[in-house]
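A.B. asks: This is the structure I have questions about; it appears just below.
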Amino acid sequence: MAESIIIRVQSPDGVKRITATKRETAATFLKKVAKEFGFQNNGFSVYINRNKTGEITASSSKSLHLLKIKHGDLLFLFPSSLAGPSSEMETSTSVGLKAFGAPNVVEDEIDQYLSKQDGKIYRSRDPQLCRHGPLGKCVHCVPLEPFDEDYLNHLEPPVKHMSFHAYIRKLTGGADKGKFVALENISCKIKSGCEGHLPWPNGICTKCQPSAITLNRQKYRHVDNIMFENHTVADRFLDFWRKTGNQHFGYLYGRYTEHKDIPLGIRAEVAAIYEPPQIGTQNSLELLEDPKAEVVDEIAAKLGLRKVGWIFTDLVSEDTRKGTVRYSRNKDTYFLSSEECITAGDFQNKHPNICRLSPDGHFGSKFVTAVATGGPDNQVHFEGYQVSNQCMALVRDECLLPCKDAPELGYAKESSSEQYVPDVFYKDIDKFGNEITQLARPLPVEYLIIDITTTFPKDPVYTFSISQNPFPIENRDVLGETQDFHSLATYLSQNTSSVFLDTISDFHLLLFLVTNEVMPLQDSISLLLEAVRTRNEELAQTWKKSEQWATIEQLCSTVGVQLPGLHEFGAVGGSARAATSAMWACQHCTFMNQPGTGHCEMCSLPRT
């Protein structure tokens with residue numbers, strides 16, 4: 001019997017097969033490895049396990065058989081210059097996924113929570129099919145795995161995409177425990193550092209050439225549901241279109257929670273919509289540079305929120321008397337245009353999903369896309385989507401273009417002297433019913449889209465207070481709705497609740513307090529944000545006694561709006577408030593002057 005065996009050795013440059021024998025010593029085997037990979041004898045290390053345990057040393061006189069290395073085993077080679085396996089190697093087993101991915105990254109709280117859950121679908125005893133006692137189990141009542149396709153297909157409505165954590169359980173299940181599986185991010189670029197030839201376009205080899213991509217409909221999704229906390233959040237966003245007829249754009253701020261309708265599912269809960277600077281028309285949107293973007297993210301983080309997605313309108317009135325809108329996005333046209341898919345892919349690349357199971361420390365994205373558009377009943381509907389990881393890679397590496405005259409089609413770029421683009425294919429059915437492979441020039445974008453259910457809760461949730469006279473939303477100057485101290489004074493005069501926290505708990509108001517140019521409170525508002533986040537009235541009362549709120553009151557009193565409830569929110573005594581109410585602001589330099597003076601103490605100009 002021949003004792004020759006083949007051992008696979010994985011390095012950062014790929015996997016190679018080494019022919020050896022069972023009785024061969026470790027030193028002899030390592031010499032073969034060094035020759036095959038082009039290393040010096042001491043320029044690398046070989047391990048049995050990916051986490052750098054079980055090193056095979058040249059000083060060992062043991063045979064491969066005694067080292068329990070069998071035919072077909074996979075060993076791991078690390079050059080001496082590499083600090084660790086996580087920078088280049090792929091993930092393998094379920095234990096290995098945790099140890100050999102990116103152990104230093106901190107995943108989102110929802111991912112940490114779901115990774116510890118059982119996830120199995122428990123079923124009760126079937127009185128007709130089960131023939132055992134109440135404590136027994138059979139094939140009709142044994143718990144199902146969270147990725148069971150038959151169970152997902154029989155839900156109402158059926159679930160086409162399993163959750164991401166269910167997908168992880170599927171990869172790490174089975175006899176091999178995911179030994180040959182890797183959460184690998186797709187790359188469409190030529191690998192750098194290949195010294196065997198001239199750089200592109202003068203040379204390329206199979207070592208540095210990216211693989212061709214065959215588009216498949218993604219079987220899993222990173223987010224399974226989008227839920228707006230209440231109708232007011234969405235209605236205020238739609239008010240812009242109702243008043244102007246122009247399309248509008250916004251960022252969704254909220255949190256990720258467990259979606260219990262799907263095994264190990266994730267829900268994106270939307271608490272507020274921030275509207276950045278933009279130019280909208282009836283059929284187009286242009287985003288402008290937002291100097292406040294980082295500040296908004298910081299304030300949201302202190303409120304326990306984060307940017308979870310983006311939303312835009314695509315609404316056209318059909319009958320203004322009935323209040324109906326046109327039903328334009330359907331199976332006969334498109335659900336997302338190629339341009340929107342590229343935009344969604346760009347947003348998802350900017351907001352990657354932190355994942356310790358990937359060598360890169362991230363895999364996919366939980367950033368969602370919401371569209372306010374007409375439904376089959378000609379009423380406004382909210383639809384949710386993501387684009388696949390393949391689409392993210394094509395967008396990130398600038399390989400995908402939109403089609404100008406066909407919004408439902410994209411176009412994979414062709415290679416040029418400046419950029420190599422791998423071939424992109426998709427599978428289709430021809431007129432004879434045969435499955436054929438087509439080059440993605442053009443490409444139906446339906447291969448890139450993942451649909452997500454979008455809902456409103458039966459019992460509304462309110463992270464922020466709801467007012468009959470809310471504070472104006474930012475960047476709506478075109479409507480005559482501006483954020484200034486006059487609008488703040490008007491808001492305070494119309495909201496005279498005795499609970500200060502209810503009055504101040506408005507996302508757009510808090511942003512104004514931080515970002516206004518007259519009296520920005522970015523350095524002194526942390527206590528108030530903590531009060532809003534925890535719904536703590538005592539903390540809010542403590543903050544309202546600060547000098548900052550007293551100054552805000554003084555500025556509001558100079559705009560000519562009576563604040564009947566000002567005494568409830570003031571931070572000083574009654575006599576001080578009386579003196580403050582008599583102070584006046586110079587119309588020329590805004591200096592606050594003492595009562596009884598007719599000229600400004602700062603610029604000496606008359607009061608009127």
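Even glycines carry a Cβ here, placed using N, Cα and C.
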A.B. asks: For the set Lys179, Lys292, Lys427, say which residue Swiss-Prot annotates with N6-acetyllysine.
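C.D. replies: Swiss-Prot records N6-acetyllysine at Lys179.
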A.B. asks: Which one of 261-289, 435-463, 580-608 shows up in Swiss-Prot as zinc finger?
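C.D. replies: Checked against Swiss-Prot: zinc finger maps to 580-608.
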A.B. asks: Please compute the mean pLDDT of the model over the zinc finger (580-608).
C.D. replies: 69
